[in-house]
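Okay, structure first, notes after.
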Amino acid sequence: MTLMKPRLSREMAEAIAAGSPVVALESTIITHGMPYPANLETALGVETVIRENGAIPATIAVVKGELRVGLEHDELEELAQSKGIVKASGRDLAVAMIRGQSAGTTVSATMLMADLAGIDVFATGGVGGVHRGAEQTFDISADLTELGRTKTAVVCAGVKSILDIAKTLEYLETQRVPVIAYGTEDFPAFFTRRSGFKADHRLDTPEEIAKAMWLHHQLGTGTGLLIANPIPEASALAPDFIDGTIADAVRDADERGIDRKELTPFLLARINELTKGESLKANIELVKNNARLAARIAVAYAPLKKARN
């Protein structure tokens, strides 16, 4: 079966055809993750970081019903300011296309579209996971199942402490997804460098990670890899402070009956309010840090992929 291909920007089409290093970027951080203009400034800043480290950024979104890989400045501006843009997971893409909607793509949708476009490395803030109480609610992010079926390396700062981190790591093991921590043995928890849990593996250079990616795919596993990159020490928030703040935000969400797709945007906004903007600053820095590592991995991986082909 011939699979659908997203529409590539000219720069993206040329880069992929040439085997140049490319890093995919999600768009829900623009449409639902941050307020304007911080969302646009962050998106442009992250793209700049990727270019400075030798790779080409590929921001991914649905634009008026069309799957798009590589966006122009005016398109990023529209995503950043428009109010009617939906949030699309992998399961939502077909309906968004039928309706001609514009959508910010979640981690799972971005992974899917990156894979269809032939992009191997993806930088994001954090991934979804297994929610606390999932044994009753079955609330498990599609990000985890997509990692188990899509050959994309996802560079992130771990998961937020609102999730059941132990069960998230167990679920990734079930999905045969290697969890590799960069420069540490600890699995990070987004705003903090340590979650109290260990990652499966530690690798200390982008070149090692790229080689692990190459060998992983040569084994025919068909799964992605999760690269856990701790937030820079200078930007990390105190664990007790942020854990208490997150607990307060979750309590507020429960009292207001907010759940499902609306939950994460609400929590991010509420946490930013409760921390007086400190969580937003940390979020921006960790995304840029992940983009930097992702670009270096993509640069190291590109010649390995060319040799394989």
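Note that Cβ sites are derived from N, Cα and C of the backbone, with glycine treated the same way.
When Swiss-Prot records LYS87, SER141, ALA142, ASP143 as binding substrate, the matching candidate from VAL69, VAL107, VAL121 it lists for that site is VAL107. Taking the Cα atom of each, LYS87 (substrate binding site) and GLU26 (active site, proton donor) are about 11 angstrom apart. LYS87 (substrate binding site) carries a strand DSSP state (E or B). Taking the centre of the Cβ atoms of LYS87, VAL107, SER141, ALA142, ASP143 as the substrate site, the nearby residues of that chain (Cβ within 8 Å, site residues left out) are SER89, GLY90, THR106, SER108, ALA109, VAL127, GLY128, GLU146. Binding-site extent for substrate: residues LYS87, VAL107, SER141, ALA142, ASP143, maximum pairwise Cα distance 14 Å (rounded to the nearest whole number).
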